[in-house]
Amino acid sequence: MSQTRGKYDFCIGLVLAMSSSIFIGGSFILKKKGLLRLARKGSMRAGQGGHAYLKEWLWWAGLLSMGAGEVANFAAYAFAPATLVTPLGALSVLVSAILSSFFLNEKLNLHGKIGCLLSILGSTVMVIHAPQEEEVETLDEMSHKLGDPGFVVFATLVVIVSLILICVVGPRHGQTNILVYITICSVIGALSVSCVKGLGIAIKELFAGKPVLKHPLSWILLLSLTVCVSTQINYLNRALDIFNTSIVTPIYYVIFTTSVLTCSAILFKEWQHMAADDIIGTLSGFLTIIVGIFLLHAFKDVNFTLANLPLSLRKDDRAANGTLLSTYDSFNDDEESSACLGEMQSIESLSARRNGSLSAF
């Protein structure tokens, strides 16, 4: 019965995680469209600290879509481990990239399509080899986990790094360095996932009739989640307003996933009882995702499609036919260049004579 229940929860978590990725991927497009409309109207941009986007209905539609995605994501964390839910966020990269090419005129070339495919394959490998987290059934158990020295040190470092980025690095380099605002969203996101996991346990206990509302941890988790999500929304808006959506989304995914996996490993001790093949599979899947994200980002300005591939192959075949053809072509090119150069010199000489320049002689 317990095994059947576990498979049922797994399927529910899987469906919710995939739905979340679709909503979140679409939310990036709606928000970007709203921010672009504001820019055309001459309003103060979000990247400069403006909040005119609060009056734009497209931005609110994007926020509602992201809210729906986060709710689905919230529920997914309650049914499945974080190492299953988080990697599936790569689907939001795929959704965002495809929709960007249709609605934002941000072209997705062959490298980008291969990158999206690699991201999905890497996510699949990570899901197959995902570690099993320690079961946490009550808020008291969650409180004990949050009080672990390892997690306390991790959370303290996250808060310190975030404050340094927000107060010191952001005002100086936030407008030019894409990693500043995205790193703020990502590292704080690791804490928000922990809060979501705890609140999911609290909701389960609430439905079971336990006095959850009297437990102080419930309110602490709710307040912490509100602060974390508000900060993430603010700085993600700034990153989207300044930089290209097809760049922001994949980089945010990589850093956010790394932060969440690290946090989850420290909090739930997921890696202690993993077999060697599962460790290798999990790391290989994540590296595959990173390679896919790199292809999507690094070659975004290269105009290369399947239509260009036969031409490239013909050039390669031509170069492989031998040096005789290359020498002959080079000789012809030299003759043509010499003829053109001689003609240009004759024209310049005649012009100089007409102008009475001594240099012509």
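Every residue gets a Cβ built from N, Cα and C, even glycine.
Remember, TrEMBL labels are computer predictions, not curated facts.
Sequence annotations record features per position, and here TrEMBL assigns transmembrane segment to 12-30 (among others).
The transmembrane segment annotation in TrEMBL covers 57-79 (among others).
Marked as transmembrane segment by TrEMBL: 85-104 (among others). Within the chain carrying the transmembrane segment (85-104), a Cβ under 8 angstroms from the stretch's Cβ atoms is held by residues 13-14, 16-18, 20-22, 24-26, 28-29, 32-33, 36, 69, 73, 76-77, 112, 116, 119-120, 122-123, 126-127, 130, 193, 245-246, 249-250, 253, 256-257, 260-261, 264, 285-286, 289, 292-293, 296, all 6 or more beyond its ends.
Long-range contacts of the transmembrane segment (111-130) within its own chain (CB-CB distance under 8 A, at least 6 residues past either end) are made by residues 14, 81, 83-84, 87-88, 90-91, 93-94, 97-98, 246, 250, 277-282, 284-300, 302, 304. Annotation source TrEMBL lists transmembrane segment at 111-130 (among others).
The transmembrane segment annotation in TrEMBL covers 150-171 (among others).
Residues annotated as transmembrane segment in TrEMBL: 178-203 (among others). Long-range Cβ contacts of the transmembrane segment (178-203) within its own chain (Cβ-Cβ under 8 Å, at least 6 residues beyond either end) map to 73-75, 77-78, 82, 86, 136-139, 142, 146, 155, 158, 161-162, 165-166, 169-170, 212, 215, 217-218, 221-222, 224-225, 228-229, 231-232, 235-236, 238-239, 242-243, 247-248, 251-252, 255-256, 258-260, 262-264, 267.
For 215-235 (among others), the entry in TrEMBL reads transmembrane segment. For the transmembrane segment (215-235), the residues of the chain that approach it from at least six positions outside its boundaries are 63, 70, 139, 142-143, 146, 162, 166, 170, 181-182, 184-185, 188-189, 191-192, 195-196, 198-199, 202, judged by C-beta separation under 8 angstroms.
With a cut-off of 8 Å between Cβ atoms, the residues of this chain six or more beyond the transmembrane segment (247-267) that come close are 25, 28, 81-83, 86-87, 89-90, 92-93, 96-97, 115, 119, 131, 133, 145-146, 148, 150-151, 154, 158, 178-179, 182-183, 185-187, 189-191, 193-194, 236, 239-240, 286, 289-290, 293, 296-297, 300. Marked as transmembrane segment by TrEMBL: 247-267 (among others).
The transmembrane segment annotation in TrEMBL covers 279-299 (among others).
With a cut-off of 8 Å between Cβ atoms, the residues of this chain six or more beyond the transmembrane segment (12-30) that come close are 58-59, 61-63, 65-66, 68-70, 72-73, 75-77, 79-80, 84-85, 88-96, 99-100, 103-104, 127, 240, 245, 248-249.
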